[in-house]
Amino acid sequence: MTSLSQEALLVRAALEAEGLETPLVANALNGQQKKEKIEGHMRAIMETLGLDLTDDSLAETPHRIAKMYVNEIFSGLDYSTFPKVTVIENKMKVDEMIMVRDISLTSTCEHHFVTIDGLAHVAYIPRGKVIGLSKINRIVQFFARRPQVQERLTQQILLALQTLLGTKDVAISIKATHFCVKARGVMDSTSYTTTTSLGGVFKTQPDTRAEFLGGLKG
């Protein structure tokens, strides 16, 4: 079993304590065993749909889907893939908002297992620590690579950054298109969903909140 980083352990514990962890049931399967089991189930699903798995276009599809689930789009279920995080002392004494806008994210709706496609915007006010900017993107992408609901995803990113930075002063906003709305059901191709999660002064100070929300425009 791969040992988890201290950062991964801290973030997971914080999410569990706040009831924000993705619903999970522990099992003893390793990655290869998961892929083999998923491949078998996917083969059965495709056969049930009447698809001919002897056709060269379909023959490898169960294997491809299993590999994609475990190694890619659901890799965020495995904390051994939690990004290596660089947090450094705030020697420059930065005390103004740092904002990273338009972080691309692709997730999967946990209700229908279809795509959520959107952008995340992250801001924080440094206290004792600052984080490498690319690490913010990687943390967003880690939590997106799970079956998700957008509300939980937003809060998970917030709490992870609060935990790693040692400050409540973090704000997250996500704007996303849900293909469970766009490609099925109501078939609405133009609507999107916005969720926001605010901590610390972003929640308690109207001017700081307005600065963050204003930074989302344009």
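From the backbone N, Cα and C atoms, a Cβ is placed for every residue, glycine too.
The Zn(2+) binding site feature in Swiss-Prot is assigned to Cys109, His112, Cys180; the stated evidence is sequence analysis.
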Given the recorded Zn(2+) site (Cys109, His112, Cys180), which additional residues of the same chain have their Cβ within 8 Å of the Cβ centre, ordered by sequence? Thr108, Glu110, His111, Phe113, Val114, Ile116, His178, Phe179, Val181, Arg184
For Cys180 (Zn(2+) binding site), name the DSSP secondary structure in the helix/strand/coil scheme. helix
Long-range Cβ environment of His112 (Zn(2+) binding site), under 8 Å and at least 6 residues apart: Cys180, Arg184
